[in-house]
Amino acid sequence: MQPPPRKVKPAQEVKLRFLEQLSILQTWQQREADLLEDIRSYSKQRAAIEREYGQALQKLAGPFLKREGHRSGEMDSRGRTVFGAWRCLLDATVAGGQTRLQASDRYRDLAGGTGRSAKEQVLRKGTENLQRAQAEVLQSVRELSRSRKLYGQRERVWALAQEKAADVQARLNRSDHGIFHSRTSLQKLSTKLSAQSAQYSQQLQAARNEYLLNLVATNAHLDHYYQEELPALLKALVSELSEHLRDPLTSLSHTELEAAEVILEHAHRGEQTTSQVSWEQDLKLFLQEPGVFSPTPPQQFQPAGTDQVCVLEWGAEGVAGKSGLEKEVQRLTSRAARDYKIQNHGHRVLQRLEQRRQQASEREAPSIEQRLQEVRESIRRAQVSQVKGAARLALLQGAGLDVERWLKPAMTQAQDEVEQERRLSEARLSQRDLSPTAEDAELSDFEECEETGELFEEPAPQALATRALPCPAHVVFRYQAGREDELTITEGEWLEVIEEGDADEWVKARNQHGEVGFVPERYLNFPDLSLPESSQDSDNPCGAEPTAFLAQALYSYTGQSAEELSFPEGALIRLLPRAQDGVDDGFWRGEFGGRVGVFPSLLVEELLGPPGPPELSDPEQMLPSPSPPSFSPPAPTSVLDGPPAPVLPGDKALDFPGFLDMMAPRLRPMRPPPPPPAKAPDPGHPDPLT
């Protein structure tokens, strides 16, 4: 009689399977590295003997054809693989035998391409990613083993307590209390043992529930590893190999076609074979050969001892098991909403970084690539967490818990936030806001979202029209500065907007005195540069209301007489029109700081165009008094407050929404929004803002 098979721990079995996978993968990569090295060696020797004819080429191709890996019959059975393409090229070399002097340089360049070191670097990178994913799976299996061990211990303690309680009860029923115990003491002992048995039963129930939850989570993780992560990693390795093998093989084929007319048929066949190489088919055949990359059987629940319960139990009213499972549902639904937001935000950050990488210099490329890897790793962790959480929630729902009660609000809130970000993205893209600052803020938001699972709530700002900076602006509402970096403005004043603010609804501007600060954007009116506005000038000695234009001082100037203006560098000067038939003597007339005078025109730069004759101005025309902007400050929120309970649309299904292309940059506001004006200003009776 043969002994029963030895029992192997689940963690040890999974670990051995992973080690075997790594070993076979390294062997496969080594064969491909040898093939790449063969191609480089072939090109180097071909460049040296290209000037010779006939037998030299045959002697060159002979050693490569005699290699064990290339002369075996597996080349024909594997079909359209890189090995078959390589064999076809060698046959074309043997059949040809003609040389071309101009092909020598091309072979020499091909020999200096990427070699074994680059292939080993690709293998090392892919192996690290695979080992990281395998370590996470092993951790899940170890957690399952620990919970199963605890479950077995609790079951043994509970069974022992049951036996003791049953023994005392039997003695009590037989009145067999002996000489050392009375009936009263036996009754007390029976009561005590019954209480202990009930307590151990609750502990057994909690341990069994934890075991079941870890069981479904581990199975889901294993399935995700074999269905998603492992094929993705292997596909990445194959794509890297294709970049190193496709170009050399294609170059060899083209060189043969151009070098000799007599071997045109053989060279053309080699080119077709190379272009028809199916990397997906090669990968599929490789996965079918070893047999170790097939998914492992799912883990099954193994009851301990005499316990035959294999489902979640959440007990009656008042039992600790009920509150524990409900808390578990709340935690899992919150985690599901967080994973959903992390994945959507992560894909948006990936798109931004990909655009930035295409335009980045060689010095910035490594840092951007590192950021891309970090974001991809965060998205992958969120996907794994989502798969495990979905399995747990499905089991909890099957046990009778109302999962929809917490899941729908959580997912609805997450989708609302994603929709808000999509609208913000459309507003940003309409302004072509693709600056590195916006991308850095996007990445910072993603990192904070990954750590806390919370996104800052802010109202979607109104999309602003694209305008070139700096540009002039007319103040239509007064504003008193509330911070040191803000600027106090008065109604009717002209400003120069020099840059966007550090938050929405704020811009940085410079007044006529050269002072710079942040002002509310909705308190300003940006005139059309092609249609200059007209304004009143109370200091005009002629009594007419000329059309006002702006000019910015390029240099500071001190007036040489009482008629001349003095102004600092950067000041905004309002130009007054000259006579229609006047001669430009190099001095313009303008107003600055409440004074009217002349100044050299070479010291300023026009902002609104040349001043026109007096007949073009309308004395009755003035800037209209606009109505207050439709704005209501957002309700105060705190980043410490968690997001409201999300909602999942749909019926009773527990599937999560797909990841949409909602690419929306979000800039975290650094200052509160400006207060709204109470009403439109009255030119005759100005009131302060409230």
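Counting starts with 1 at the first residue shown.
Yeah, the Cβs are placed from backbone N, Cα and C, and that goes for glycine too.
For the residues Ser43, Ser175, Ser197, Ser444, the entry in Swiss-Prot flags phosphoserine at a single position: Ser444.
Annotated by Swiss-Prot as coiled coil, the relevant range among 116-149, 320-353 is 116-149.
The DSSP breakdown of the domain 'SH3 1' (468-529) into helical (H, G, I), extended (E, B) and coil residues amounts to 3 helix, 27 strand, 32 coil.
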